[in-house]
Amino acid sequence: ETSSLISTDHDDSIYGKNMALYEDEMDSTPMVSSLLNKLANYTNITQGALEHEEAESEDGIQRVTVNGPQMGTFIGVFLPCMQNILGVILFLRLTWIVGTAGIMEALAIVFMCCSCTMLTAISMSAIATNGVVPAGGSYYMISRALGPEFGGAVGLCVYLGTTFAGSMYILGTMEIFLTYIMPNAAVFEAKSREPTGMQNNMRIYGTFCLVIMTLVVFVGVKYVNKMALVFLSCVMLSIMAIYAGVIQSAIKPPNSQHRVCLLGNRTLQNSRFDKCEKTELINNVTTPTQLWKLFCTGGIENATCDEYFTHNNLTEIQAVRGLLSGLYKSHLTSNYPERASDKSDESHYVLHDVTTFFTLLVGIYFPSVTGIMAGSNRSGDLRDPQRSIPTGTIMAIATTSIIYLSCVVLFGACIEGVVLRDKYGKSVNGTLAVATLAWPSSWVIVIGSFFSCCGAGLQSLTGAPRILQAIARDGIMPFLQVFGHSKSNGEPTWALLLTAAICEIGILIGSLDHVAPILSMFFLMCYLFVNLACAVQTLLRTPNWRPRFKFYHWSLSFLGMSLSLSLMFVSSWYYAFVVILFSGCIYKYIEYRGAEKEWGDGIRGLSLNAAQYALIKLEEAPPHTKNWRPQLLVLLKLDSDLGVKHPCLLSFTSQLKAGKGLTIVCSVLEGTYMARENIKAAMAKEKTKGFCHVVVSSNQRDGFSHLIQSAGLGGMKHNSVLMAWPANWKQAESSLSWKNFIETIRETTAAHQALLVAKNIDKFPTNQDRLDEGTIDVWWIVHDGGLLMLLPFLLRQHKVWRRCKMRIFTVAQMDDNSIQMKKDLQMFLYHLRLDAKVEVVEMVRYNFYLNTKSHATLNDKATPTSDRVHMTWTKEKLISERNRHREAHMTVRDIFNMKPDQTNVRRMHTAVKLNEVVVKKSKGAKLVLLNMPGPPKNKGGDENYMEFLEVLTEGLERVLLVRGSSREVITIYS
């Protein structure tokens, strides 16, 4: 006669997968295979973007289908940055800066600005490699690193800077159009002494251009993207034409097409005459020229001429002298005008329209290097943002910096100073100064710069509304919620309208030179906070700060922060104060009224580290008499209903403290006192930094319970409990030790705290030990919030475990694709920046039966694993059952036929099989980390639970059982 202790109609979904030990917690701690399935379908496209299709499968896993190319570094980052950095300032103002500041100071300006953007790009690269780069552009990347308060303030600075950049590009477009392409199209006459005429023309045509560009963006971004390559081609052709002209000037004498006429030391506007002569011979008759008629009235015999014209001679020089002419020697130093020109008949001369100085030129030039975020704005379309953003951005900055520095030297060495200082090209017949150097024609530069400014303006009007929409959708500023809406194709309509309105404000200013410092301030403020956040997080070792970018160092971020702050006040100190005040107001508004957001940002971790450091410093020595203040511990008495007996005591406390200092309110019901000096001495011996806290309690169980519930202060509250395994729990005279252990597990679970149980703790290394090369093995069976991944990383930061390598094992079931699981897990570790070897262990499906033909069969003919299963049905339990049922006249045969609980047998079977695999793979590991299954809900199975854990960890030298909290402690964003 035979019978099975286990019914064959078991739950195949759990029993067949050999994970019965963890079956009670599958809802809160899913299997790793299901987690990796979600990771395989993860996308960093922002949820809610209607340009991308969303689909939800039957199992509830959201899958996002990305419509659009997955771009690489060159197309996705390098070229967009190049297009935004090389633009209006290069073509319209760089020659003027060189002519005014001289080659040396111009090089200093370019070097400072390029260094600032390069250092900021390095910090941005650290942010980009500190986890997955979310789609949504630079705002998402920065805000998730800085937190909602700083992120919102910086986000608005980026938005306003991009918007005013659109104004600057449109004004540059109109300046090229009205000055160099169609000067006759001006509505108002632009007099030299009255710049309002030119400004009014810029306002009218700029507004018209803004309306057209807004309509293009409103119709669809796809048209802007299609034209982007054309605009970029124009930029590259224009730059190539400049270098070609420089080479030509060095090979053969410069072309005499562009010549400058000087009257004494004054430059004349040669658009008003055809010859640089006072008189000319026509049929042997001296005849006055057009130039003579500009300064004289009447005939030659009785002419009345301007005094300066009469006493000075005319000189005609070439606008371009050539690379080898040695002209650079006269352009090394600056030539700043002390004030705007004021001459009696200024309409004939080329005049300085503004008083120029070094700091003004810095503010005007800086916008030319603010396009470094163009690549990060396309993060959702990049194949690998963590690699493309750092590589492409830094390459683009290096390339454009070389172009700008070389152009400063080449302009100063090839073009005459009077032409360089002529901002609007009036000395060379209305030709753009840089165009005089171009080959084969100056129109290559004029047309190229025109389309370049148009393209940059469209890009700004496209990007700025999306930044505002992203801020609004985050919900951190309630008054911006209306701008989070979009039309059916995903275009942010309301945000576009607001962007156009703000852009119109910049256009109404009517001067490129006045708009440039405004956007410089906003971008410099953004750079300041990016560098500051990276530097501080590195210095204070914020927990979630682990950038993969190997060239990053905190000193670079600190230098970038200092340079950004310096450039803010150098460019315009009053604009700097306004932007700082604006950012501070936005920060306080988000802190006070904004929606609560927790993005796992570094600022939160920084606050925790700063608080911990400050509290530890307070523990080192008693406060000085000067600093002593009452930090109150208020002891309240409770009535029979556990209500506060004296509420006025709390009122007096608030009056006395006024919300400042430390106040701890508590109530004691019962207990006795014990000293804590031994614990403090042990902490000092082991060099453990922390706070010693002894709870007064009548028994150990209650004391642990009180500590778990109340230890900590505000935000400085523990979230994990570390304890030792109760050694010799089987031989203990009382069952109190293992019962207290299980109750501690239950309380930490109820408190949503993590639990770490160290088994064989006496074999763990001390702080004086140095482990040789070995492994830390992680057996990731169920998803516990990521704590199993985080613990080995933290251990390896210490010198004891530094030489150990990390290995991660996970379990694949019958219907799991182990090859795909390994790939998904490797990608998950790549996102976490963890260096570990991955192995997937396959657990085959099986049925487990026990032959119960006789008692001898159970003891003598057991399989190699059946002896462990009997730990749930031992000889002592058999005798206990026999005594309990003796009064019912049960026979021995009836007792042998009794069936233990099927769930317990399956759980023991899981422990046995897992232990075999773990011992086989990790026998020689320096430390083994295992998921700790939860205790049974019914306290009657507590002893069985201890048997399960004992079998699971048997044969291993050092074991750390880990039971995670309900909170994610490490994610692909951390």
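In case you wondered, yes, glycine gets a Cβ from its N, Cα and C as well.
Any TrEMBL annotation is an automated prediction that lacks curation.
Here TrEMBL flags 76-264 (among others) as domain 'Amino acid permease/ SLC12A'. Along the domain 'Amino acid permease/ SLC12A' (76-264), the predicted structure has mean pLDDT 85.
Taken from TrEMBL, the feature domain 'Amino acid permease/ SLC12A' covers 347-633 (among others).
For 756-974, the entry in TrEMBL reads domain 'SLC12A transporter C-terminal'.
Distant neighbours of the transmembrane segment (74-94): 106, 168-169, 172-173, 175-176, 228, 231-232, 235, 238-239, 364-365, 367-372, 374-378, 381-383, 388-389, 391-393, 395-397, 399-400, 403-404, 407-408, 411, 423, 432, 434, 445, 448-449, 452-453, 455-456, 459, 512-513, 516; these residues of the same chain sit at least 6 beyond its ends, with a Cβ under 8 Å from one of its Cβ atoms. Taken from TrEMBL, the feature transmembrane segment applies to 74-94 (among others).
Feature annotation from TrEMBL assigns transmembrane segment to 106-133 (among others).
Below 8 angstroms of C-beta separation, residues 87-88, 91-92, 138-139, 142-143, 146, 198, 201-202, 205-206, 209-210, 213, 367, 370, 373, 424-425, 430-432, 435, 446, 449-450, 453-454, 456-457, 460-461, 463-464, 467-468, 470-471, 499, 502-507, 509-512, 515-516, 518-519, 521-523, 525-526, 529-530, 579, 582-584, 586-587, 590 of the same chain, each at least six residues beyond the ends of the transmembrane segment (153-181), sit close to that stretch. Annotated transmembrane segment per TrEMBL: 153-181 (among others), in sequence order.
Look at TrEMBL and you will find 202-221 (among others) tagged as transmembrane segment.
The transmembrane segment annotation in TrEMBL covers 227-247 (among others).
Under the heading transmembrane segment, TrEMBL lists 349-374 (among others).
Same-chain residues lying 6+ beyond the ends of the transmembrane segment (394-420) with a Cβ under 8 Å from its Cβ atoms: 73, 77-78, 81-82, 85-86, 90, 94-96, 98-100, 102-103, 106-107, 110-111, 114, 117-118, 121-122, 125, 239, 242-243, 245-246, 249, 258, 260, 262, 267, 317-323, 325, 327-328, 330-332, 335, 350, 368-369, 372, 375, 427-428, 433-434, 436-437. The transmembrane segment annotation in TrEMBL covers 394-420 (among others).
Within the same chain, residues 83-84, 86-88, 90-92, 94-96, 165-166, 169-170, 172-173, 176-177, 180-181, 209, 213, 216-217, 224, 227-228, 230-232, 234-235, 237-238, 241-242, 244-249, 258, 319-320, 410-411, 414-415, 419-420, 422-423, 425 sit at least 6 positions outside the transmembrane segment (432-458) and bring their C-beta atoms closer than 8 Å to a C-beta of that stretch. Taken from TrEMBL, the feature transmembrane segment applies to 432-458 (among others).
Sequence-remote contacts of a segment are chain residues at least 6 beyond its ends whose Cβ falls under 8 Å from one of its Cβ atoms, and for the transmembrane segment (494-512) they are 88, 92-93, 160, 163-164, 166-168, 170-172, 175, 195, 198-200, 202-203, 206-207, 210, 214, 217-218, 461, 464-466, 468-469, 472, 482-485, 518. Per TrEMBL, transmembrane segment is recorded for 494-512 (among others).
Residues or ranges marked as transmembrane segment by TrEMBL: 518-539 (among others).
Listed as Cβ neighbours of the transmembrane segment (551-567) (distance under 8 Å, sequence separation of 6 or more from its ends, same chain) are residues 112-113, 115-116, 119-120, 122-123, 125-126, 362, 366, 520, 524-525, 527-528, 530-532, 534-535, 538-539. As annotated by TrEMBL, transmembrane segment applies to 551-567 (among others).
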Tertiary contacts of the transmembrane segment (106-133) (same chain, 6+ residues out, Cβ under 8 Å): 44, 94, 97-98, 141-142, 145, 358, 361-362, 365-366, 368-370, 372-373, 376, 379, 382, 385-386, 389-390, 393-394, 397-398, 400-401, 404-405, 408-409, 412, 524, 527, 530-531, 533-535, 544-549, 551-552, 556-557, 559-560, 563-564, 567, 831-833, 972-974
